[in-house]
Each structure stands twice: as structure tokens, then as C-alpha cells.
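Here TrEMBL flags 1-398 as region 'N-terminal catalytic PFK domain 1'. According to TrEMBL, the domain 'Phosphofructokinase' annotation covers 26-331, 411-696. Summarising the annotation, TrEMBL assigns Mg(2+) binding site to Asp127. Per TrEMBL, the feature active site, proton acceptor maps to Asp174. Per TrEMBL, region 'C-terminal regulatory PFK domain 2' is recorded for 411-791. Annotated beta-D-fructose 2,6-bisphosphate binding site per TrEMBL: Arg480, 537-541, Arg575, 582-584, Glu638, Arg664, 670-673, Arg744, in sequence order.
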Amino acid sequence: MAGAGLLTRQDSRKFFENLSGAGKSIAVLTSGGDAQGMNGAVRAVVRMGIYVGAKVYFIHEGYQGMVDGGNNIKEATWESVSSMLQVGGTVIGSARCKEFRSREGRLKAAHNLVKRSINNLCVIGGDGSLTGANLFREEWSGLLDELLKKGLIDEEEAQRNSELHIVGMVGSIDNDFCGTDMTIGTDSALHRIIEVVDAIMTTAQSHQRTFVLEVMGRHCGYLALVSALACGADWVFIPEMPPNDGWQDSMCQKLSGNRADKKRLNIIIVAEGAIDCHNKAITPDYIKDLVVSRLGFDTRVTILGHVQRGGTPSAFDRILASRMGVEAVLALLEASATTPACVVSLVGNQAVRLPLMECVQMTQEVQKAMDEKKFEEAVRLRGRSFENNLITYRLLSFRKTDSELPSSSFNVAVLNVGAPAAGMNAAVRSAVRVGIAEGHRMFAVNDGFEGLSKGQIKEIKWGDVGGWTGQGGSLLGTKRTLPAKHLEEIANQFRIHNINALLVIGGFEAYMGLLELSSARDKYDEFCVPMVMVPATVSNNVPGSDLSIGTDTALNAITDTCDRIKQSASGTKRRVFIIETMGGYCGYLATVGGLAAGADTVYIHEEPFDIRDLQANVEHLTEKMKTSIQRGLVLRNENCNKNFTTDFIYQLYSEEGRGVFDCRKNILGHMQQGGAPSPFDRNFSTKIAAKAIQWISQKLTDCYKGGRVFANSDDSACLLGMRRRALVFQPVSQLRGETDFVHRVPRDQWWLKLRPVMKILAKYKTSYDVSDAGQLEHVAHVRPKDSKATI
């Protein structure tokens, strides 16, 4: 993980217009195993590089192409990366290269780069590829001297290319690189896995079967762990945490216990590198034979293999790749002779730059710890994200007997408020199970605050929420009703059911509701209990959180539709599609969906526009139609402007584009709220709800005095949100000042900083503030063994 900064900027605002790429050449290559999203990173590097005035080159077939030279190294154009964003794998090719491992091979590669004046290299690959790049950089001076002595280059060429700058981006579906929370391709691989698991679960339920799924991860169990968390698997095997002796008995006992609870299927997920505590491989066939011989269950094995590397990249991977690609070019422009080779990483929701070799060293330390059977240390070295996933899985998967539960006389209610959002059910499941594990009685409220006022409350047990992670919508039912008009009835229900704490899962109405309940504490003692809200809305318009449950699923729905529309437009040529997205007055879905789909223009309420802007956008598309990219994509947030409606924009574009392009429109509507939640939303909702319940448990203990719970301080009514790098509890009363209540949005929205990136990649001239761009930091040291990790 990232720690204290090494470099700081003197000025508070700095614009990349000052970072000219004129006279510079940048080469981009993909190396090692392919990963979905690599093409998005290549596209971003090429377009950002060309935008700042640099020459950009493709190096085809990875390091092999660099060694071979010739047509493998080609100058890239703006149009040459068109239609790459939605394509899986890597269009410019990847190959293992033994030759580059030798100095002679690296000498050839250096010669090929110098002849084209390329001394800025962007490498997209795994730790092996990035380590090779760093060695190449360290040897660069010596390689130039050797080329000079052999007469292969002259003094001027050697002088002009005296420094080699390298920036890496990690492309790996395994998420096995230390220093970044997510690598490019991981989220897409999880999509493939969860698609298969969801499909398998329906057939398994029909026949009461047990399925053993093997997923990729020879040295890292991230895919297995997160997919187990996302589908509620019964058991998971990962290399970082081998099971203790006797695990066979424990696993079979759990499987039979679940069947006794009328669960019709069992899912066991195993990473391909799974081992036991004696370093012996645990294979899917061994697990199958064990289950069949001991329990007699009908058991099948599915090995997913390379399907996990395939398919189109998810919205998350496209956004990540685009952000990282732009950041990589900025890092190259800012690099000096003393700047170490760095890797662009994601920590929480923030881009950072880390010294490449510090990350590689930490990654190697993980394997060393595993080889020495120091598995707890290996988990810590993997980083906070991996560790939190493991802690959450353990919390949710092992059901305690009544005698094992801690004693608690507290009643905790859970309800959904506002419009449905994919992931709400996973959050409820997580909250219920963690609450029960903490010893509380959990109560489910149907139909939000309205149901609460009517007494639609019942106790909910561990088994009642089985299979909820993959369900879309809200199984509890949800309404937009606010509590203000029903305070007396709600207080009465708190009394009747002795509610000691409240968890609200929802959007802006949930936030407003919590404000109203906490404000009514002076009048109603019943509301003097710990209350916490978890943001869940596709609009992502809740103050206090960068992300909300449901937004990732909605973005994938938008991206999938845009992909199909672009494909249709490519077939017919010279066609522009106008697409309306949801979001109320918040332009998050339109902007970030536009970045993921490669939109030409996005209209949002936060960035006012007039008829002159519309005309300029039409002219921009008219120019685009003269190139080989004869299609256009325009996104419009539903409330961006009351006069410039979707129909108006469609008619204007149709009229002004007559003879050049024709138009179609598409209103996506409620399909953005529906469907099964994405792996990201399942994982995010599971972890955030578990953390919320742990906070409630602590508050209940702190506020229990004189035989009752009493909490009326500001910090006992909080919103739990993702803020940059961490999940943070914030009193809702303090968030009032950050809220635009008229338009139901936060006053400051981080994602607006992505709009210039989207515009640059669509070939618009714009101003881009880079004062918040990634800064070079150290990789943090592993925490002491006695430190307690929380979710």
C-alpha cells in the first residue's frame, strides 16, 4: 500500500498544458499474459501522447517485437486505436521473449529504440515484464556505450537518447502485484467467473448438486477469494491461507449442515495454486472424490481456464485503464534523470505512482513468506484490500452455534430506502450474518421507512439470507418515503420491537431520512440509538462517499448497451447515437459511462452548456466523419438541462448533420437499476455492510449505560462512505454543509476531474488540472504482527 509522499508540488494547481510532449517519442507495449483492459490502456497512452504533441509508437508482440524491430515498431495514429476500448486481450500482441532476458537481446532492443529516438517507454504487463523493463533502464547507459563502440549509433543519437524513462501499468487478471488495489483485467476476470457461477447455481439447485470450481491463481488467491465472497461460496481454497490439518472433516461437516438447512446446492471454489499446510496441492478432483466418498453428494468439477482471460473488458477495467494510461503519460512527461522507474497504481479511489522495484520486491516477499510457511505475513504483504476480503469472508462463512455466539441483548434493524440498486441484497446478507455472529438479534424491515412506521418488521435468521448476494433489486422492498411525517409511528415501532440500532441501506432519501431521525432525537428518546447509513444508489449522488452500491452494475449496463450501439453504427457508417442515462441531477453515470464507452460528448447538469456548445459538438462530429471513424456516441444525463431535452438534441443533431450523418436516440431507463449485481458491487456491499455492523457493535457497547442504550451525539448517526483511500464514518449532521439539497447532489464531486480525461480521449481541447495527479510515494512496510486488522 502507499505511504508517505516523496515528491510534492509547490503550486496548488498545475495544468498539464505546461508539460509539453513536443520533440518526445513514447513507445507502448503489452507483455506477459494478456488481460482485458490492456487495449484501453494502450488507447489512452496513444491519444494522451499525441494530444500533448509527442510521437507515439506501438511495439507489437511485446519485448520480442522490441528485439526484432522492423515493422513490429510502428508509429500510432489517433484513428489506429479506435474501436480498441471494448476489445478483450491485447490488439498489439504479447509474447514471451527469452532473447530479451540476455544482454545481447537487450542490446538489439536498445538499438531499435535509439534509431527511432524513443526514450520513453510505457510497459503494460505483470511483475516479470516490469522487472525486465527496470533492468533495461539500469543498463541503458552501458547499452548506448556498446552501440556507440560498435558504430551502430553515432554520438548525436547517443546524446539525444541518453536517458530512458519507464512507467509501468500492471495488466494481470490475478491481481498479484503489490502496491495496487486492482490490476487491469482483474475485474473483468471476476465478471467471467461470476457469470459462470450464477449459471451453475441454477442447474445445481435443480439437482441438489455440489460444484467444485477451479479458477486461475497459481500464486495468488485473489480471484478465488473475491469470487467466493461475491457468490457466497461454502468453501474456498487459496495459496496464501492453506487449511489446517483436519480440514476435510470441517468442510464436509459444513456442507452437510447447509444441506440440513434445506440449501439445495454447495459451491466450492479452489485457486489453481491451492495447497494444504504441508505444501501438498489441493486439486478439484481430490475435493470431488472427498465429498462423494464421505457425503455421497452428486458432485461435479468445472475448470474455468482461459475463459477468465477472455471476453470484453468490464466498465471498471476500461475506466481504470483509461485513467492509468493518461497518468502514465503525465509521469513520463514529468520524469527526470533522477526519477526511478515507476508503476501507476490504484489505492482506494486514487491514482498513485510507486517506485517499480519497491513493488516488485514486495511482490517477491509474498512468495518468500509463502515458501517459508509464514502465511499470515503473506496475507499482510498482499495489502489491505486482500486482507480485508479474507477477514470479511471468514466473518460471513463460518456459522457459529448458539453456545459459541457472544452474549448480546441488542436488537438491530436493517432496511432499504429509495430506488432499488444492485447489491442491496448482498449488503443485507452481510449485515445480518455479521450481526448474528456478533451476538445481536437482527430484524428486517420491509418497504423502507413506510414499512417501519406500519410495523412491517420481523426477525431474520442466518439461513434466511442464503443466496442473496447474486440477487438484483431489493428483496426487503424499498420505498422513497421519508420518515418526517411518520416519526410518532416509527418511534412506537422502535419501542415495541426494542430496536437498539439501525442500519439504513439506500440513496439520497436514506441520507435525508437519517438526518430527520437524528434531528428528532430531542423529541423522541427512541431515536437515541446508533444509526448508520450505507450508500446504495445508481446515481452515486450521496454526499460523503466517492462510490455507492449499484453504480458499477449500472455502468456495466450502460457500457454493454453502448458497445452494441457502436457496433450497429459501425455497420451502417456515418451514424450518431444520442443516449440518455439516469442519475437525476448527478452526471456521474453519464460521465464515467461515457469514459468507459468512448463517447464523443457527454452533457451533464454540473457543466452548463448552451446552443453554441451544441453547435461546436456537431461540427466536431462532422470532422470526425471525414476520418475512418464514421460513428458517434453522445450521452446525456436525464436532468442536464430542462430545455435541451434528449428529443431536442436528437432533432438538432439530425438537422445540422443532414447529409453528413444521421441520428438515432436511445433512452436506457430502468434497465440501469436492474440485473444481477456486478462482482464489484457484490464485494463492495458485502465489505461495507460488515464494517457498518462492526461499528454498530462498538457503539452499542460504548453507549450502553444504566441498563439501556442511549446515543445522541453527532458521531452516533453516521454515513459510511469511500473517501479517496479509505472507508470513513462521517456524522450526517456534518455532511449538511457538503450537500446541495435542491439538486440532491454533493457540492464537491471527485469524478468531475475525469471529464477532461474523457474530453482529451475524444479529441477535444481542454484544460486539465494535474495538481491532484499521482505523486511518487513509497510502498508502505508491512504492519507489525500484533496490529489488529479491521475491515
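Glycine residues also receive a Cβ, built from the backbone N, Cα and C atoms like all the rest.
Nobody curates TrEMBL annotations by hand; they come from automatic prediction.
A gap of 39 Å separates the Cα atoms of the residue listed as 'active site, proton acceptor' and Arg575 (beta-D-fructose 2,6-bisphosphate binding site). The least crowded of the binding-site residues Arg480, Arg575, judged by other CB atoms within 10 A of its own CB, is Arg480. Taking the Cβ of His670 (beta-D-fructose 2,6-bisphosphate binding site) as centre and 10 Å as the limit, one finds 10 other Cβ atoms among all the protein chains shown.
If you measure from the Cα atom of Gly584 (beta-D-fructose 2,6-bisphosphate binding site) to that of the residue listed as 'Mg(2+) binding site', you get 43 Å. Over the domain 'Phosphofructokinase' (411-696), the average per-residue pLDDT in this prediction is 94. Asp127 (Mg(2+) binding site) and Arg575 (beta-D-fructose 2,6-bisphosphate binding site) have their C-alpha atoms 42 Å apart, to the nearest angstrom. Counting every protein chain shown, the number of other Cβ atoms lying within 10 Å of the Cβ of Asp174 (active site, proton acceptor) is 25. Cβ contacts within 10 Å of Gly584 (beta-D-fructose 2,6-bisphosphate binding site), excluding its own Cβ and spanning all protein chains shown: 21. Of all the binding-site residues listed here (Ser539, Gln673), it is Gln673 whose C-beta has the fewest other C-beta atoms within 10 angstroms.
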